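Feature annotations, reproduced from Swiss-Prot:
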- His146: active site (ACT_SITE)
- Gly161, Glu162, Ser163, Gly164, Leu165, Gly166, Lys167, Ser168: ATP binding site (BINDING)
- Lys167: active site (ACT_SITE)
- Ser168, Glu210: Mg(2+) binding site (BINDING)
- Asp185: active site, proton acceptor (ACT_SITE)
- Arg252: active site (ACT_SITE)
- 273-278: region 'Important for the catalytic mechanism of dephosphorylation' (REGION)
Amino acid sequence: MKPTVISAEALFEAHRTALRWEWLAGHAHPERRFDEVAVRDAQSAADLVGYLNYIHPYRVQIVGRREVRYLVDVPPEDQERRISRIVTLEPPVVIVADQQTPPDRLVAMCERADIPLFVTEESAGHVIDVLRAHLSQHFADRTTRHGVFMDILGLGVLLTGESGLGKSELGLELISRGHGLVADDAVDLYRVSQTALEGRCPDLLLNLLEVRGIGLLDIKAIFGETAVRRKMRLKLIVHLVRKETMERDFERLPYEPLYEDVLDVPVLKAVIAVDAGRNLAVLVEAAVRNTILKLRGIDTYQEFIARHRIAMEGDEPI
């Protein structure tokens, strides 16, 4: 599920410093919110913020240099009609950017209709970029998964598996080998675009790793700043299973890459059997390196199949 509301006041306060804007009109209803249907139907944040557009009234309307010219460089009756049309459509927020002075009629009508009007000297394009990034994160589909989320060789890797298989101990071993911790036990995952998932740690568990027999470890305090990460894009799920489960439910050499859907985004998956004497940290690193090759278009298994086919056809000696 994803949130479907955000108030004008929350949007203003979130970027008061970055965009250096002023709330000029429409103070009476600071809790004014986006249309919930528009938020649910939005395919991306681009549907929620953009330049002045009468066809998409339910998004934040950005008024830049050209839009101000469109509104004011006309006879008074046309100016009244064009500005009235903006206000009648009841957008959640109107923002005047590009160092432009908002027309007096726009200020008056927004004040009368209780539509928040923000003014900033920042460029309209920059305002759109900042707000789209913010709304993309705020309205993202989200879920919480159990596991250990790590940065391994620059790749976001989620370690999952049954309780008691040593996920946290494996995470600690990987941290000692120079990799970074994002989250332990509970991992918040957000779909920040149609094909990308971002994982973060809940504030309550930030920098903490729980190991049986030892308790809670503050990874940042023990290993330093470079041992923790604020967030990572999820690229690989490493699923730990018992040996008997591996033999019963999984192929030794799967012909096709394994994937797991998370928030309707397919994520590459590697399955590793936990057994006495196996160096899981080395195996996870190997799985990550192999995934990096796959993401670059190099599939070792398919190359082996191609070699085998050539050998079977007699083009090369076996």
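Cβ atoms here come from the backbone N, Cα and C positions, even for glycine.
The model shown is predicted, which means the values in this text are computed figures rather than measured ones.
Structure coloured by features recorded in Swiss-Prot.
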| residue | record | DSSP class |
| --- | --- | --- |
| His146 | active site | strand |
| Gly161 | ATP binding site | strand |
| Gly166 | ATP binding site | coil |
| Asp185 | active site, proton acceptor | strand |
| Glu210 | Mg(2+) binding site | strand |
| Arg252 | active site | coil |
Cβ contacts of Ser168 (ATP binding site) (under 8 Å, same chain, 6 or more positions away): Val148, Asp184, Asp185, Leu209, Glu210, Val211, Arg212
Lowest local Cβ density (other Cβ within 10 Å) among binding-site residues: Gly164, Glu210: Gly164
Listed in sequence order, residues not in Gly161, Glu162, Ser163, Gly164, Leu165, Gly166, Lys167, Ser168 with Cβ within 8 Å of the centre of the ATP site Cβ atoms: Leu240, Val274
Those recorded positions listed as Lys167, Arg252, and which of them has the most Cβ atoms within 10 Å of its own Cβ: Lys167
Distance from Gly166 (ATP binding site) back to Arg252 (active site), taken between C-alpha atoms, in Å: 22
Cα-to-Cα gap, Gly164 (ATP binding site) vs His146 (active site), nearest whole Å: 13
Secondary structure content of the region 'Important for the catalytic mechanism of dephosphorylation' (273-278), with strand meaning DSSP E or B: 0 helix, 2 strand, 4 coil
Same-chain residues at least 6 apart in sequence whose Cβ lies under 8 Å from Gly166 (ATP binding site): Leu240, Val274, Leu280
Residue, out of the recorded positions Glu162, Asp185, whose Cβ gathers the largest set of other Cβ atoms within 10 Å: Asp185
PLDDT averaged over every residue in the region 'Important for the catalytic mechanism of dephosphorylation' (273-278): 85
